[in-house]
Amino acid sequence: MKNSAKLLLEFSIILGILTLIATYIVSTTSGRVAPFIPIISEMPFSEPEESIFSTGLGISLFGTLLIVQVIYRLFRPLAEELGDFYIKGNEAIRIISTVGSVCGIITVSFNWKEFPVLHGITAFTLFTTYLISATFSYDLMKKSGLDNKIRRYSIMAGWFFYVMMAIFSVLDNLEMLDEKDDFFHRMDNPPDVNTERSIYLNLTALCEWSMVFSFYISLSTYRDFLKNTNI
């Protein structure tokens, strides 16, 4: 189907955003999650939000996984014009992005409460691999005369919120160390609606939401690049 790659990208982005919004609305209006401001992963601990979250984001991430393969194919001639570094980089980014997408599917399928270590590792891998691959892709396209300011600023925002999320998370864990004598208390005891939320926990959540939406904005800038392309 002509233009199927662009349509799949749009579908994956819209589905991902709507899934997050729907999960937030259902989990907060039911009184199970604090409305301001939940960590994304603390929302899907009950039904029906767990099914909404895992199904919607799982399909969205699988769509992204397919798009990664298409972008790799389109990048190949551009990389060949730029030299060996970009040829090898394109191959590496394909692998990295594929691993990240698979980890994302695992993340949304195994929730924080029941699988804290697996969920945490795969979520970290998803976020990190996306930022690395997005940065390389931006550089390759810029050197090929396909610069995009929205893409540039969304990637910069993604890195900023990623770093700040890590900093605030560490500060929150240090508070847990003082209160509970356990730096990793939060990992095994995810917050809920009754949790007294520190400023660091709220800032961690705010940075996470901002980072994720910057990812979607960055992805949306590939719509024209994928125009008239089949999967």
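Every residue, even glycine, has its Cβ placed from backbone N, Cα and C.
Listed in TrEMBL for this protein:
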- 7-224: domain 'CWH43-like N-terminal' (DOMAIN)
- 7-26: transmembrane segment (TRANSMEM)
- 52-72: transmembrane segment (TRANSMEM)
- 92-112: transmembrane segment (TRANSMEM)
- 118-141: transmembrane segment (TRANSMEM)
- 153-171: transmembrane segment (TRANSMEM)
- 199-219: transmembrane segment (TRANSMEM)
Residues of the parent chain within Cβ reach of the transmembrane segment (92-112), under 8 Å, 6 or more residues beyond its termini: 39, 41-42, 44-45, 50, 53-54, 57-58, 61-62, 64-65, 68-69, 72, 118-123, 125-126, 128-130, 132-133, 136-137, 190
Distal contacts, the transmembrane segment (199-219) - CB-CB under 8 A, six or more residues away: 9, 12-13, 16-17, 20, 36-40, 64, 127, 130, 134, 150-151, 154-155, 157-158, 161-162, 164-165, 168-169, 171-172, 175, 186, 191
